[in-house]
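Novice: This is the structure I want to talk about, given as structure tokens.
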Amino acid sequence: MSKTHLTEQKFSDFALHPQVIEALETKGFHNCTPIQALALPFTLSGRDVAGQAQTGTGKTMAFLTSTFHHLLSHPAPEGRQTNQPRALILAPTRELAVQIHADAEPLAQITGLKLGLAYGGDGYDKQLKVLENGVDVLIGTTGRLIDYAKQNHVNLGAIQVVVLDEADRMFDLGFIKDIRWLFRRMPAANQRLNMLFSATLSFRVRELAFENMNNAEYVEVEPDQKTGHRIKEELFYPSNEEKMRLLQTLIEEEWPDRTIIFANTKHRCEDVWGHLAADGHRVGLLTGDVAQKKRLRILDDFTKGDVDILVATDVAARGLHIPAVTHVFNYDLPDDREDYVHRIGRTGRAGANGHSISLACEEYALNLPAIEEYIGHSITVSRYNSDALMTDLPPPKRLTRNRSGNGPRRGGNNNRRSSASRSPNRKRSG
């Protein structure tokens, strides 16, 4: 992996708790990323931080390192009860909460601090059983946390650290009232360490967030470069009739190792999945109504390489740490210009190079001016030869719900086309 995204600043240069240093070095973390190097001097001195950095720059480890150091360096409140966690990390989605929990486990193993996880969808009793034994760091989504708090399974009166991750999405999804409800049940802002991290922070979000922070320091990485320097951006203008064939031709030509294809609706994602599955690709489907256990399984298959292509709505665009994604396709240009940044941020992570390809079709081309205004540059336009598009394509598979026995499963196809089936003659014109 490329190290060019790291700074000369080492974690060991900071006055971090020795167990935190041990946990970081055990996982191979020695040098800080820019956002970590900027944030840690403040958080380690007890100052609140609002951090903005593009996706994949180490925001999660910045706040986890700060959280564990703070808890190890400060005693628990006197009289703390079993149902009172010491730190609360709020995430907008179940998938992100699960990922943060996984990233925190190495720190927990070394330090002995206990983790809890609380998210909706399933696992209610399993999550509750862990909480009943007492946890130090509770990671979760607002709805399930409020549920537990109202039933007194969780009491927030001993919170010493609170983190809002992907804060802009928290507010965009309408969680403002939930967040305020939770904050009202914590100690005052000046009695805890507060951190807020996100790839994009609007003025509205900062104002709302700062209501619950204590004179926070604002730190940012590359504020004028909203898309990563290592991401090659490319744009095509297909007709609606040629759009699917262009996508399949580009996949055939690029033959990417690990790809995410974004579309704007569940039904469009299902259509793309059906065409690619029928064409022999190992493809997974991730939309909002996929059951939680299946979502986690699909993400695990994609991460392990058992699935090569993930077709997704924006549910997968925020916060998921999927390594080595080589390509992102915007089959539809997003309606929200900020989602463009989050989508293509799935590639080019941790110093690697990435490739983003967007299709500006007749339906969504009107979204392009707002996107280019937001990212501060025009996306390079490429041309293609209609006569060179693939034509020998099978009819798409149709998604069968509530199906048992044989047949295509929702969310996956296990047969990747062999390299021998690729056509060497299908090329796009420059």
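Each residue's number is its place along the chain shown, starting with 1.
Using the three backbone atoms N, Cα and C, a Cβ is placed for every residue, glycine included.
In case it helps, Swiss-Prot gives these features for our protein:
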MOTIF     9-37  motif 'Q motif'
BINDING   ALA53, GLN54, THR55, GLY56, THR57, GLY58, LYS59, THR60  ATP binding site
REGION    388-430  region 'Disordered'
COMPBIAS  402-423  compositional bias 'Low complexity'
Novice: Fewest neighbouring Cβ atoms within 10 Å: which of the binding-site residues GLY56, GLY58?
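Specialist: Looking at the binding-site residues GLY56, GLY58, the Cβ with the fewest others within 10 Å is that of GLY58.
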Novice: State the residues, same chain only, that lie 6 or more residues beyond the ends of the motif 'Q motif' (9-37) and have a CB under 8 A from a CB inside it; answer 'none' if no residue qualifies.
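Specialist: For the motif 'Q motif' (9-37), the list is 3, 44, 51, 53, 57-59, 61-62, 65, 68-69, 72-73, 106-107, 109-111, 197, 219, 221-222.
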Novice: Check THR60 (ATP binding site) against DSSP and tell me helix, strand or coil, would you?
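Specialist: SS state of THR60 (ATP binding site) = helix.
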Novice: Tally every other Cβ atom lying within 10 Å of the Cβ atom of ALA53 (ATP binding site).
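Specialist: A count of 25.
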Novice: Using DSSP, how many residues of the motif 'Q motif' (9-37) fall into helix, strand and coil, respectively?
Specialist: 16 helix, 2 strand, 11 coil
Novice: What are the sequence-distant neighbours of LYS59 (ATP binding site), meaning same chain, six or more residues apart, C-beta distance under 8 angstroms?
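Specialist: Correct list: ILE35, GLY51, ALA53, ASP165, PHE197, SER198, ALA199.
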Novice: Ten-angstrom check, please: count other Cβ atoms within 10 Å of the Cβ of THR60 (ATP binding site), all chains counted.
Specialist: 23
Novice: Restricting to the chain of THR57 (ATP binding site) and a gap of 6 or more, list residues whose Cβ falls under 8 Å of its Cβ, or answer none.
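Specialist: Looking at Cβ-Cβ distances below 8 Å from THR57 (ATP binding site), excluding near sequence neighbours, one finds HIS5, THR33, PRO34, ILE35, VAL221.
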